[in-house]
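**Student:** Structure incoming, see below.
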Amino acid sequence: MKIGIVGAGMVGSAAGYALALRGGASEVVLVDLDADYARAQAEDISHAVPFAHPCRVRAGEYGDLEGAGAVILAAGVAQQPGESRLSLLSRNAEVFAKVIAGVQGAAPDALLLVATNPVDIMTEVALKASGLPPERVIGSGTILDTARYRSLLATHLGIAAQSVHAYVLGEHGDSEVLAWSAARAGTQPIADFAAQVGAPITDDVRARIDDGVRRAAYRIIEGKGATWYGIGAGLARIVQALRDDQRTVLTVSAVTPKVGETRDVALSLPRVVGSAGIVATLMPDLADDETAALRSSAAILKETSAQLV
Ligand code: ADP
């Protein structure tokens, strides 16, 4: 499958690199406002290909996206000193309007995979700007938060992360919800499993894992200014599910008709991802406080996106 990436910055390039190493694409085309930068990133990534899987990596214009099955949207502008979050958001919404017009001029059938933060809001922006059905506009959402949640739970239980089934729902950000009540290890509720292996989930453990998931990005940003490797690999994982019609359950963001009282809000829920995009959306059984937290996350997101119009 040919994959386009618009925005060849750290996140877009990390996605291209992960695709090259993982073997998710037959061809990767990087497009950026700064064509020289895109060329340099593409050439650098292409030098990893001889050590990985056959894949043509190049830079191009929008016209070169023709025939792409999916296009990753990682373009965005940086926050100016003193600039409000809302002003940054509206500038990024303008970027998306231009980018999506360019993509759809060349690849009208491509699925859109949104990576630019705040990813839930940008997913809603992309849906509106593209006119595509919601199942074809997918945000990376909490794919990474869920991976981190599983890996911290797995470490605590002393088992493989693949044997842990647990989700982070809602916003990719401060209001995200760790669905403790729906978490399973093997087929057992996580608390039962934990008690049986002698690693109970105490309030302290729970608080430590919650913090480890919720504040991961902050810690990385403190140390290196931004995050890109994890999300690059997450985007490549979504591409693989699309390309191979895997129907994998992933927590990705999409505009969802109703969450509590909030309508048409983009947030993450477990979703079945295949070649048509989002094939199904699942609502896990949640404890009352988690349901309330998810509804509140939806309301917070909608409040922000409503300010944009
Ligand atoms: P991140 O860390 O999120 O990847 P970067 O600033 O490294 O952020 O990358 C964002 C990229 O998006 C930059 O390379 C920038 O040139 C690109 N970009 C910004 N506006 C546009 C646009 N209108 N069209 C294409 N690319 C754009």
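Just so you know, glycine gets a Cβ as well, placed from its N, Cα and C.
As listed in TrEMBL for this protein:
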ACT_SITE  His172  active site, proton acceptor
BINDING   7-12, Asp32, Tyr62, 76-77, Asn92, 115-117, Ser140  NAD(+) binding site
BINDING   Gln79, Arg85, Asn117, Pro118, Val119, Asp120, Asp145, Thr146, Ala147, Arg148, Thr227  substrate binding site
BINDING   Arg150, His165  beta-D-fructose 1,6-bisphosphate binding site
DOMAIN    1-139  domain 'Lactate/malate dehydrogenase N-terminal'
DOMAIN    142-304  domain 'Lactate/malate dehydrogenase C-terminal'
MOD_RES   Tyr218  phosphotyrosine
**Student:** Compared by Cα position, which of the recorded positions His165, His172, Thr227 is the closest one to Val11 (NAD(+) binding site)?
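**Tutor:** Nearest by Cα distance to Val11 (NAD(+) binding site): Thr227.
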**Student:** Can you give me the same-chain residues 6 or more apart in sequence from Ser140 (NAD(+) binding site) with a CB-CB distance under 8 Å?
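**Tutor:** Set apart from Ser140 (NAD(+) binding site) by at least 6 residues yet with Cβ under 8 Å, we have Leu113, Val114, Ala115, Val119, His172, Ile231, Gly234, Leu235, Ile238, Val252, Ser253.
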**Student:** Listed recorded positions are Gly76, Asn92, Arg150, His172, Tyr218; which sit with C-beta under 6 angstroms of ligand 1?
**Tutor:** Gly76
**Student:** If you skip the near sequence neighbours and keep only those at least six away, which residues in the chain come within under 8 angstroms of Thr116 (NAD(+) binding site), Cβ to Cβ?
**Tutor:** Gly7, Val11, Leu73, Ala74, Ala75, Gly76, Asn92, Val95, Phe96, Met122
**Student:** Select one residue from Gly9, Asp145, His172: among these recorded positions, choose the one with the most other Cβ atoms within 10 Å of its Cβ.
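**Tutor:** That would be His172, with the most Cβ atoms nearby.
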**Student:** Near Thr227 (substrate binding site), which recorded positions out of Asp32, His165, Tyr218 have their CA within 10 Å?
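**Tutor:** Taking Asp32, His165, Tyr218 one by one, the ones whose Cα falls within 10 Å of Thr227 (substrate binding site) are Tyr218.
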**Student:** How far is it from Asp32 (NAD(+) binding site) to Gln79 (substrate binding site), counting Cα to Cα, in Å?
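**Tutor:** For Asp32 (NAD(+) binding site) versus Gln79 (substrate binding site), the Cα atoms are 18 Å apart.
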**Student:** Between Arg150, His165, which of the binding-site residues has its C-beta surrounded by the fewest other C-beta atoms within 10 Å?
**Tutor:** His165
**Student:** Give me the CA-CA distance between Tyr218 (phosphotyrosine) and Asp145 (substrate binding site), in Å, as a whole number.
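**Tutor:** About 13 Å separate the Cα atoms of these two residues.
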**Student:** Summarise the domain 'Lactate/malate dehydrogenase N-terminal' (1-139) by DSSP state, stating how many residues are helix, strand and coil.
**Tutor:** 69 helix, 25 strand, 45 coil
**Student:** What's the CA to CA span in angstrom from Ala147 (substrate binding site) over to Gly9 (NAD(+) binding site)?
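**Tutor:** With distance taken Cα to Cα, Gly9 (NAD(+) binding site) is 23 Å from Ala147 (substrate binding site).
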